[in-house]
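Trainee: Can you read through this structure? Questions will come right after.
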């Protein structure tokens, strides 16, 4: 076993890997950006190294900085976690060619499976069903139209290196092809350094089923059952569970064995996930995630196997010490991603300070996180701040236990998806397990989400009170040895967050022109004002593209900018028509919430 492992990641997954290392007697090394110098993974590690500024491309994605940190720390292995460099075959090869051990599949296997067209061909050869489409990259929009001619609309354009919905664009008609083709290529280049895309028939109402795989360097391949990840918004998983409530025993066995065949054909080792779409009793290969998954936790809960420990053991050359028949699924488990997002605003990323952070406990409750009360949640990285994993003897017990746990979970200082999760636990389709990947985006009434937020959001989210609203403050007092909670209401008072934080200023939206301060050439600040209507950023992020120029006429609903926040593209649209009089941002600019992007006359 290794003596010291560098974890090339941040947040909860970095801490998860470090905990596994600690139980194996392995020392840990963290890397961090300027934005994460007080991060939970830095606090947990035995030692830590700064690898650059907040921008991921200059820190967590910088190959040489990560490897140099491993050299400074005298580590003997590098674990990538998930995201960032976890599925980057070029980085894996650099690690393999260095003095370090790569905790993951070989670079060759990653290349075979990381490029989706190669993976589709390989799976077809292994007698694993695939969705109809191309087995070569699409060179032009005409290739997309050709697939649509063969199979009909809608079709999906997917980035070769994509995953998690990034670089995936659904085309419903021919007039959408050109724009979506370019967007998919741009996202592929931005997120995965690979602008190649492929095309396949888009299934209308599938389940998203994935199989956890472990394979060692001695020829042993095991599957640990399936997970159901069908509850998604914008192709991003929200709640995952194991086992799936939608599979028959026959289909479950067929999918598991297909996953083993495909992985064996790819000469794959270490942990991985084979993802499938299931519709009308048939299953189709989608992709292989050549890394640990966010939702590996539910598999651990129902199998009793520590997937991360096995990653480390396999990388150290150990042999899997259990057979396929030894793998037994017991009970049921669900994972609730606790994202800093505003569900009522189409899950827009949120930022703020965790003025209160008090997670639940009790039997069947597991928390994977790397935050504590008082931490600042910025917009530089993914919006997930924690994972709540709830396990019970069956799905019904998990649903009841999850209601209790989410009711217990106390977070204040920023928006989270907890009200949405509580809504899902009352939702008939989810409780029955009949939902598909389209349920949130196409079926669920948005007004129900708004009502859930009104019902279950904290009463004092910092900066969210409008002037004149009633603010409730709760005090604990003791009278004759007995404790009482006393609530006082005051109209127009600012909310006072718990945890010693200072009162936040009102975030009410001003009317009329807004201002944006920019650095002038002389280094001072200049104030840019417009008499027209300002189009402002609703969140912190980076400008990926500006779709208009000064002098352009726009209509209500037209996209004027594309803003990336927490790894998601967000269209900034004009609320009314007009002529663009000023464009105040350019591609690559970082903006804060409220910054004016352009002015319409």
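Heads up, the Cβ atoms here are built off N, Cα and C, so glycines get one too.
Feature table excerpt (Swiss-Prot):
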- 287, 289: Mn(2+) 2 binding site (BINDING)
- 347: biotin binding site (BINDING)
- 495-511: compositional bias 'Low complexity' (COMPBIAS)
- 1-445: domain 'Biotin carboxylation' (DOMAIN)
- 120-316: domain 'ATP-grasp' (DOMAIN)
- 526-601: domain 'Biotinyl-binding' (DOMAIN)
- 567: N6-biotinyllysine (MOD_RES)
Trainee: Please report the Cα separation of residue 287 (Mn(2+) 2 binding site) and residue 347 (biotin binding site) in Å, rounded to an integer.
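Mentor: Taking the Cα atoms only, residue 287 (Mn(2+) 2 binding site) lies 26 Å from residue 347 (biotin binding site).
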Trainee: Suppose you look only at the domain 'Biotin carboxylation' (1-445); what would the mean pLDDT be?
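Mentor: Mean pLDDT, the domain 'Biotin carboxylation' (1-445): 95.
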Trainee: Ten-angstrom check, please: count other Cβ atoms within 10 Å of the Cβ of the residue listed as 'biotin binding site', all chains counted.
Mentor: 21
Trainee: To the nearest whole angstrom, state the Cα distance for the pair residue 347 (biotin binding site) and residue 289 (Mn(2+) 2 binding site).
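Mentor: About 25 Å separate the Cα atoms of these two residues.
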Trainee: Determine the most Cβ-crowded residue among the binding-site residues 287, 289, using a 10 Å radius around each Cβ and all protein chains in the structure.
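Mentor: Counting every other Cβ within 10 Å of each candidate, the maximum falls on 289.
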